[in-house]
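The structure under discussion appears below in the form of structure tokens.
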Amino acid sequence: MHAAVERFLHSLSGHASPATLDAYRRDLTALARFLEASGIDDWAALDVAQVRRFMGAERTRGLAPRSLARRRAALSRFADHLVRSGILDHNPVALTQTPRQPRHLPRPVDVDQLARFLDTPHDGTPLAVRDQAMLELFYSCGLRLAELTALDVTDLDARRLRVVGKGNKPRQMPIGRRAQAALADWYRLRGQLAGHDEPALFVGQRGARLGHRAVQKRLAQLARERGLAEHLHPHRLRHSFASHLLESSQDLRAVQELLGHANLSTTQVYTRLDWQHLADAYDQAHPRARRRAPPDDT
């Protein structure tokens, strides 16, 4: 079995880096040893059940999802080689699922830190007023970057915002008082940058709709200028919106609607609560966790 692995690696030697070949060798050697321990000494006997057992054993051994996904990719490429060589008639690895990668969510900005950041005075120029309106709208509505840059002036009225999210799903969002005030300031100055025929809500110095990269750069620059000691990007403001709202309201369904998530499970992952908050909620709500007054000794 090990000879077949070496032949496969040799066939890749002109196309793969030494590091990739070493990783493939480790992954395939681990599979060969697993099969040999099960009494299998021929690659022709490899089937989907054995692949699943091997991946399960590796998961039990503590391999991280990223490592499991890499290992599965190596096995699949080797199985394709076995099919081309006539040893297998199909790739059994292709019938298994890729291990799910954990979602690495941005840490929400502390509520007080974010309030100080948003309340920092600016110089009142059209660009500064525009930036303040963008910041307030990001945090007030939890918008995605693409949703904010796609906004037209006609998408807003005094207290409500119309957004077209992922999958062309429309939703309506309430606008907080601070964001309303910041938008009113921007409306008064927007005409100094935007032409009469420009529909975009947020425009740059040349009067055209702001692009994604321009907004990302402005947020990072504002964080530095205002002394926010953390990297700031649109998704982090969205996550802060969701986390702060959920911590205050405990209404997961409402947060799901505001974020524009199709599935509640997405919101549950996206808006994780800190452990202390969950523990406090448990202590207050669960009948066997509530603290009772000590018995009267008299």
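Don't overthink the numbers, they just go from 1 along the chain as shown.
Glycine is treated like the rest: Cβ placed from N, Cα and C.
Per Swiss-Prot, these features apply:
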ACT_SITE  ARG144  active site
ACT_SITE  LYS166  active site
ACT_SITE  HIS235  active site
ACT_SITE  ARG238  active site
ACT_SITE  HIS261  active site
ACT_SITE  TYR270  active site, O-(3'-phospho-DNA)-tyrosine intermediate
DOMAIN    1-83  domain 'Core-binding (CB)'
DOMAIN    104-283  domain 'Tyr recombinase'
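The local packing around ARG238 (active site), expressed as other Cβ atoms within 10 Å of its Cβ over all shown chains, amounts to 23. Of the active-site residues ARG144, HIS235, ARG144 has the largest number of other Cβ atoms within 10 Å of its own Cβ.
The distance from the Cα of LYS166 (active site) to the Cα of HIS235 (active site) comes to 15 Å. Under the three-state DSSP scheme, ARG238 (active site) falls in the helix class. ARG144 (active site) and HIS235 (active site) are 7 Å apart (CA-CA, integer value). Classification of LYS166 (active site) by DSSP places it within a helix. DSSP places the residues of the domain 'Core-binding (CB)' (1-83) in helix, strand and coil in these numbers: 66 helix, 0 strand, 17 coil.
Each residue contributes its Cα atom, and for ARG144 (active site) and ARG238 (active site) those atoms are 7 Å apart. On the 0 to 100 pLDDT scale, the domain 'Core-binding (CB)' (1-83) averages 90 in the predicted structure.
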